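Have a look at the structure below, then the notes.
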Amino acid sequence: MEALLISVPYVSNAFICLQAASVNIIVGSHVWVEDPVLAWIDGKVIRINGQEVHVRTATGKMVVKEIPKVFPKDTEAPPGGVDDMTKLSYLHEPGVLQNLATRYELNEIYTYTGNILIAINPFQRLPHLYDSHMMEQYRGAALGELSPHVFAVADVAYRAMINEGKSNSILVSGESGAGKTETTKMLMRYLAYLGGRSGVEGRTVEQQVLESNPVLEAFGNAKTIRNNNSRSVIVMELF
């Protein structure tokens, strides 16, 4: 079992490729259309002419799009978004990004998509999210029992390793600046906490684990055409 965690720098630059469901677009439908500035903007279908859909956007602008480029908007979505995007009525790109943006405005930087955790860089320190109290809360909790969190992913991966009696891994993926290194540090802190063993030579287990980060940076990351470290891999060996 491999746990997956995706980090993104911020919502406007996140690109998640998801297949839109086949939905009947009619006059009066609330929809999403692409926008050169906002990426996606919501609007209402005013007229349909063959394959052309005429939409009046929230800014009052009239745009014409082909039917395949118009995505239905979930008008019944909770105002605060959903913590697991499998609960969304429409799992398409604008719907996903809108949900992430809504939660981000509420300082909810973590969101599940099934057993995948999406993390958005808050560009600020949030120490209350990672203190010992939070670690204790997530220890042994089932995935989805508490709010989405990097500790939940680490806990599930660790318990699967123990219960199944075989090594496990956690994949942290994202673009440059997404916060992969910090996320990896949080994962390693939590895994060291779960280990619960005392330190040696004056160093705690947590300190020893965090000191391994340069090794992860050197050997655990993959190079792409966009940046040199698109993902990190934490491998948990069972001895």
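From the backbone N, Cα and C atoms, a Cβ is placed for every residue, glycine too.
Copied from TrEMBL, the annotated features are:
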- GLY174, GLU175, SER176, GLY177, ALA178, GLY179, LYS180, THR181: ATP binding site (BINDING)
- 26-75: domain 'Myosin N-terminal SH3-like' (DOMAIN)
- 80-239: domain 'Myosin motor' (DOMAIN)
The domain 'Myosin N-terminal SH3-like' (26-75) [mean pLDDT, rounded to integer]: 95
Helix, strand and coil residues within the domain 'Myosin N-terminal SH3-like' (26-75) as assigned by DSSP: 3 helix, 30 strand, 17 coil
Which of GLY174, GLY177, GLY179, all binding-site residues, has a Cβ with the fewest other Cβ atoms inside 10 Å: GLY177
